[in-house]
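Okay, structure first, notes after.
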Amino acid sequence: MDDDMKAKSITWKLTGYMARKPVSSFSCCCGFIIVLVVIVVASGLAGITTPSTYDWTIASTEESKNLDAYDDATDQVDLPANLQGTRRERANMADVWYLYKSDDGTEIFTPARLQEICVIERILIANEDFMNFCKIRPEVDDWEPLGVDSCEIPDSSVVQIFYNFTLPSDFIADDGCRLLSDAEVRAKADELYAAVETEEGIAAFGYLLDKDTLERGYSTRTQSQWYLGGPLEGYNTQLDDSSDQFADYQNFLAADDGSVGGVEKELFEYFDIDSNEDNFFPYYPSPYRSDVEEEGMEILWTSIPMRENEFVRLVEADLFFSIFSIIFVFGWIRFHLGNTFMAIIGILQIVASIPLTLLVYRGIYQIPFFQQLHALTLFIILGVGADDIFVFVDGWKQGAPPADTPPPEDEEAATEAIHERLYRTYVHTREAVFNTSFTTAFAFIATGASPLMPISTFGYFAATCIVINYVLVMTLTPPTVIVAEKHFGMAWPCCKKTGADVESSEGSAESDEDEETIVDKYYIPLMKSEIKGVPVFSVTCIVTLFAVAIFLLTRGLMLEPPEEQEQWFPPDHIMQRAENSAVDDYISGGEDTYTHIDVTIGVSGIDRGNFNVYIPADNRGDAEFDENFNFYEEQCQRMLLRACDDIQTFSCTEDGCAPLTTLARPDTTECFIGHFHQWLADEGITTDPYSLSEADFYAQLTTFRETQTKEDGESWAYDIGIIDGVLKFVSFSFTSSMEMLAPYDEKGPVLDRMEDFLDHVKSYEECDVCSCGSIMQTSGIWTWYRSEEGLLIGFYNGLAISFPVAFIVLLFSTGNILLALYAIMTVFFIVFGVLGFVQLLGWPIGVSESVAGIIIVGFSVDYTVHLGHMYMQGDKHDFFERAARFEYASKTMVATVVAGAVTTLGAGVFLFPAQLIFFVKMAILICTTIILSWIYSLFFFMGLLYVAGPQYDSFKVMPAFKWCYEKIKGDKAD
């Protein structure tokens with residue numbers, strides 16, 4: 001740029017103001033940042049969003065729409081008298097599971113062990129708030145003041161199976177947990193062993209016995225399932241403010257803010273478990289990482305409300321380690337820059353990126369969703385932000401005049417010298433950091449392609465944070481450097497080893513021996529070492545790293561979806577061990593461990609209305625109904641009867657249904673139509689239900705709905721969907737043979753079989769008359785299956801977007817097609833090297849891998865962009881041959897790259913002590929990415945540039961564009 005154009009440029013004017021008034025510039029920037037941060041804190045923009053069960057649901061999927069439509073339809077039904085009261089149903093997602101295993105491999109069913117099990121489970125029922133959360137016994141009227149005796153004791157409790165209490169008061173009595181006789185225990189145990197020799201017995205009692213029971217002759221394990229009641233007092237249905245009801249269950253069983261309370265606290269006290277809440281790092285380690293043993297048994301327990309509270313607890317505990325990351329990065333900046341003031345401002349500048357990003361994210365984007373996942377951005381921005389500061393400061397240092405330069409004649413000349421130097425540093429940093437920031441930000445934006453809202457918003461947040469950090473580096477860092485040099489004793493060493501010291505394109509940097517750096521003394525000579533004119537070390541690096549890359553690439557391409565449920569807690573965690581054991585160690589799961597499916601006719605869809613995807617628990621839409629569906633029609637009733645019969649024998653030979661061979665578990669289908677027809681006959685109304693008039697039919701169906709219940713005492717209200725006195729839909733339900741914790745690759749085939757069943761029903765001749773088009777099946781497990789599928793889609797879509805963008809950035813930042821190809825090949829090898837390493841570790845593509853897969857692209861491109869950019873910048877210093885360009889890039893950027901790598905590596909290392917598997921995986925993936933990026937950028941990419949890098953104007957983009965332009969222009973002229 002000539003002097004006139006430079007004088008007119010905004011950059012020249014901006015750097016001139018910073019050079020003349022550094023303190024004012026610094027103060028203005030700091031003041032503005034402080035004001036914005038105060039606004040963020042004062043306005044509550046920094047608050048964490050309350051988690052909901054819908055956060056990871058993809059609202060646009062057919063499964064989610066159907067489930068929301070069904071939920072809204074059942075939420076609208078008229079409640080009959082037998083359902084107008086609290087806790088008449090089993091509560092959704094509030095079960096408590098206890099698992100027991102004998103330590104020595106002996107039989108679990110002994111009088112002493114059963115007595116201990118009874119005492120343990122009595123902690124729950126004896127809790128003073130249990131009567132406010134238990135399921136009310138069907139025979140109890142609302143007005144009966146029976147206290148705890150109004151509660152139902154679950155028959156899925158092994159204690160109830162052996163003790164057979166009549167009332168809860170018998171259970172909690174002083175002699176309730178008496179020592180049973182050997183004969184009593186033997187009789188009941190033998191009864192269970194005999195039962196599981198049949199398929200029906202496995203379905204009913206298989207969850208009580210370990211999978212080797214039949215072979216061994218006895219069981220070394222058993223478990224209990226305790227359920228609670230719903231809806232809670234003050235709510236009409238379980239769907240009424242479900243998040244608030246869930247929080248109430250949480251506070252009864254534990255807490256909803258990560259603290260210890262409720263039944264959980266009593267269990268800790270009984271087993272003498274230290275909660276560790278008063279530790280320097282509260283709840284580190286988690287109290288659930290204790291071994292619990294009593295009466296020669298290992299005891300485990302788990303519950304979704306407890307689990308959610310524990311998740312909050314561990315996230316908060318793990319994020320405490322960010323303090324050490326900040327301290328490390330501060331120390332490294334201080335070491336690298338040699339000035340405390342600069343280090344303090346630098347780390348505050350980096351940390352300030354988070355609240356400033358929140359201001360944009362929530363204030364401008366209007367995205368309210370912000371959770372602990374987004375806080376992971378801090379670990380990313382610590383590395384990226386420090387790297388950007390290093391680029392600026394190193395550029396400033398390299399712009400220092402040689403030691404023998406005469407001092408400026410006066411203050412004006414000194415200021416102008418600083419201005420000129422600042423301008424060159426600013427332009428260099430603006431280009432170098434923009435290239436890396438843009439690529440990294442776009443890699444995060446690519447996560448916005450994920451259909452999972454938490455991941456997409458994490459991408460938007462992280463990308464914005466990268467941009468905010470770039471703005472701070474270009475506004476606050478320049479005056480900070482000058483202030484540090486002038487007022488805080490920052491003495492920059494002269495940096496003769498810049499491009500200006502090389503006299504020709506074939507020369508080397510000339511410098512005093514005592515000023516040589518590690519790069520000068522070791523890296524450059526090593527990379528340039530030759531035997532008979534062949535750069536042996538560089539060629540060896542290229543060949544070796546290429547071979548390693550091909551190996552890791554083949555492994556990375558072998559990555560598959562999870563074959564088991566995602567693990568969130570460490571393997572020694574009580575809840576994680578309980579969940580793993582429930583899936584792996586028993587003949588079958590308890591009834592609630594299998595997928596519950598509802599089949600509905602009459603609900604045609606959902607109108608989402610003003611649904612906001614970023615507030616997923618609110619306004620999920622209004623159910624729409626099939627106006628042509630009239631259940632009075634004989635063919636509609638026959639269709640439902642036939643479907644209810646067929647589902648019980650509909651085959652499923654997929655792995656997800658094993659060991660059963662039917663889609664439905666035996667004796668789990670609940671279908672009202674047969675009971676209704678039988679009731680009509682029993683009441684003497686008619687033996688031919690199809691002979692009733694339409695008015696009589698609906699009147700009798702309403703009476704049946706209001707007076708009759710299912711075998712377990714629950715109402716038919718949600719199966720006979722009467723809304724405002726009109727029958728809108730009907731449904732039946734069953735428990736499928738697929739476990740709720742089935743892995744991803746087993747869910748899909750079972751879902752296909754379920755859709756096959758719907759097609760089977762639609763093919764009935766009855767559907768030629770009855771409107772069967774609105775038949776649908778719903779289950780929460782299918783929405784999670786689509787979420788797991790969304791992880792894969794987002795992962796591959798993100799890579800598909802990130803790589804082309806990275807190549808375009810590399811192409812324009814370097815201006816050379818060959819160098820850009822080298823760089824993108826390096827990035828490709830780094831990304832798939834990390835993925836190959838993941839595969840070698842035995843990990844599938846889960847949540848952590850999907851998020852990290854895109855982060856990898858952003859991290860891996862940084863170093864190659866920096867080095868490639870400086871390689872081509874050698875032109876400005878008359879370096880045209882590859883050897884001189886290589887040396888120039890090495891002298892100006894290798895130290896910066898190493899410093900940036902150490903910073904990001906150090907920030908990531910402090911995630912290793914985290915307890916959540918997600919954070920530990922992120923630590924491994926971030927550190928692996930940095931290590932591979934460092935190795936491949938310095939030894940593969942730079943090796944390629946030294947051996948076969950572009951020289952002079954070869955492979956430059958602009959000459960090619962000009963040639964094409966002239967060619968096209970010439971052709972038109974002809």
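Note that Cβ sites are derived from N, Cα and C of the backbone, with glycine treated the same way.
Predicted automatically and left uncurated, TrEMBL annotations should be read as such.
Residues or ranges marked as domain 'SSD' by TrEMBL: 342-483.
Residues annotated as transmembrane segment in TrEMBL: 23-48 (among others).
The annotation transmembrane segment is assigned in TrEMBL to 314-335 (among others).
Taken from TrEMBL, the feature transmembrane segment applies to 341-361 (among others).
The list of residues near the transmembrane segment (458-477) in space but at least 6 beyond its ends in sequence, with Cβ under 8 angstroms from a Cβ of it, reads 26, 29-30, 33, 345-346, 349-350, 352-354, 356-357, 360-361, 365, 367, 370, 373-374, 376-377, 380-381, 384-385, 388-389, 392-393, 426, 429-430, 433-434, 437, 440-442, 444-448, 450, 851, 854-855, 858. Annotation source TrEMBL lists transmembrane segment at 458-477 (among others).
Marked as transmembrane segment by TrEMBL: 534-553 (among others).
Here the transmembrane segment (791-812) has Cβ contacts under 8 Å with residues 435, 438-439, 442-443, 445-447, 449-452, 455-456, 561, 819-820, 823-824, 827-828, 831, 845-847, 849-850, 853-854, 857-858, 861, 864-865, 868, 957 of the same chain, all six or more residues outside its ends. The transmembrane segment annotation in TrEMBL covers 791-812 (among others).
The transmembrane segment annotation in TrEMBL covers 819-845 (among others). Note on the transmembrane segment (819-845): residues 545-546, 548-549, 551-563, 791-792, 795, 799, 803, 806-807, 810-811, 852-853, 856-857, 860-861, 864-865, 868, 871-872, 921, 924-925, 928-929, 932-933, 936-937, 940-941, 944-945, 949-950, 955 of its chain, located 6 or more positions outside it, place their CB under 8 angstroms from a CB of the stretch.
Summarising the annotation, TrEMBL assigns transmembrane segment to 851-872 (among others).
Tertiary neighbourhood of the transmembrane segment (893-912): same-chain residues 318, 321-322, 324-325, 328-329, 332-333, 336, 379, 382-384, 386-387, 390-391, 394, 517-519, 523, 859, 862-863, 866-867, 870, 919-920, 922-924, 926-927, 930-931, 933-934, 937-938, selected by CB-CB distance under 8 Å and a gap of 6+ residues from either end. Sequence annotations record features per position, and here TrEMBL assigns transmembrane segment to 893-912 (among others).
Panel annotation: around the transmembrane segment (918-948), residues 318, 376, 379-380, 383, 523, 527-528, 535, 538-539, 541-542, 545-546, 549, 568, 819, 822-823, 826, 829-830, 833-834, 837-838, 841, 843, 847-849, 851-852, 855-856, 859-860, 862-864, 867-868, 871, 882-883, 885-886, 889-890, 894, 897-898, 901, 904-905, 907-912 of the same chain, lying at least six beyond its termini, place a Cβ under 8 Å from a Cβ of the stretch. The transmembrane segment annotation in TrEMBL covers 918-948 (among others).
Tertiary proximity for the transmembrane segment (314-335) is limited to same-chain residues at least six positions away from its ends with a CB under 8 Å from its CB atoms, namely 258, 281-284, 286, 342-344, 346-347, 350-351, 372, 375, 378-379, 382-383, 386, 389, 569, 899, 902-903, 906-911, 913-916, 919. Confidence across the domain 'SSD' (342-483), taken as the mean pLDDT and rounded to a whole number, stands at 89.
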